Amino acid sequence: SDLMGEQTILCGMLQTGAVILFDKMVANGIAPGYASKLIQYGWETITEALKHGGITGMMNRLDNPSKIKCFDLAEELKEIMRPLYVKHQDDIITGHFSSTMMADWDNNDVNLLKWREETAETNFEKTPAGDMHISEQEYFDHALVMVSMIKAGVELAFEAMVDVGMKPESAYYESLHETPLIANTIARRKLYEMNKVISDTAEYGCYLYTQACMPLLKDFIAKIDTGVIGTKYNKGDNGVDNRRLIEVNELIQSHEVEKIGRMLRGHMSAMKKISTVSE
């Protein structure tokens, strides 16, 4: 479960999202400094809500039209990425991941070091966060795709782990609960800090995920606009279809990661709030 979580939602998904969403925002006219800040500190701000309230709490930070749009985006992402999550889990179980990583180790980490250098040269990594103020709520309202990526990634990782026999409690910790910890490292010093703090094993798997996921998301990213990343999606009218809103809320709350999460968080009475950059 530790390997699966690190490779997918905990590191791979956040890294993939950071790189491709930064480039998408800049291509669509969003100021680079704003785009960099929205992503660098957005993961941490969004997952702080996830930590305390699960996916339900995170999604409840959105207004109703935005919540429904975010849910739909997450469902589309799950359909696109599910085979990749299954493959990562299969490669871990069968030992394929370990054998390829050890082969690279024997070859002086040539692939690991090459991927590390390539990540350092991405536009997101090289662009400093701007000095503008972004309120806590703006990190949610202007980043629906980031919220949808977290929802999709947590659910897919949890499902893949449980499907191969891991206990739901363990799957919860290695998918939802630890995501804010990794997001905090990105807030400190971007992807450099994340990849420095995690193990070489996790870093190797993270790069494998990113390389495979980016081509999968090419068409998805091409069709989204600044309404779901970079600016506010809901520009005024909060009206929604009541039946659809009820359906979406029920689907969010009834996922197994939410059921086990509510029980486990009930025992985490000492869990503290962290101070994010927006505060």
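From the backbone N, Cα and C atoms, a Cβ is placed for every residue, glycine too.
Annotated features in TrEMBL:
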type    : residues             : note
BINDING : Asp2, Glu174, Glu178 : Mg(2+) 2 binding site
BINDING : Asp2, Glu6           : Mg(2+) 1 binding site
BINDING : Ser199               : substrate binding site
DOMAIN  : 1-138                : domain 'KARI C-terminal knotted'
DOMAIN  : 139-271              : domain 'KARI C-terminal knotted'
Report task. Specify the nearest of the binding-site residues Glu6, Glu174, Glu178 to Ser199 (substrate binding site), where nearness means the distance between Cα atoms. Result -> Glu6
Requested in this report: Express the distance between the Cα positions of Glu6 (Mg(2+) 1 binding site) and Glu174 (Mg(2+) 2 binding site) as a whole number of Å.
Outcome: 8
**Report entry** Glu178 (Mg(2+) 2 binding site), number of other Cβ atoms within 10 Å
**Finding:** 19
Report summary line: All chains considered, the count of other Cβ atoms within 10 Å of the Cβ of Glu6 (Mg(2+) 1 binding site) is 24
**Report entry** Densest Cβ neighbourhood among Glu174, Ser199 (binding-site residues), 10 Å radius
**Finding:** Glu174
Report summary line: What DSSP reports for the domain 'KARI C-terminal knotted' (1-138) is 114 helix, 0 strand, 24 coil
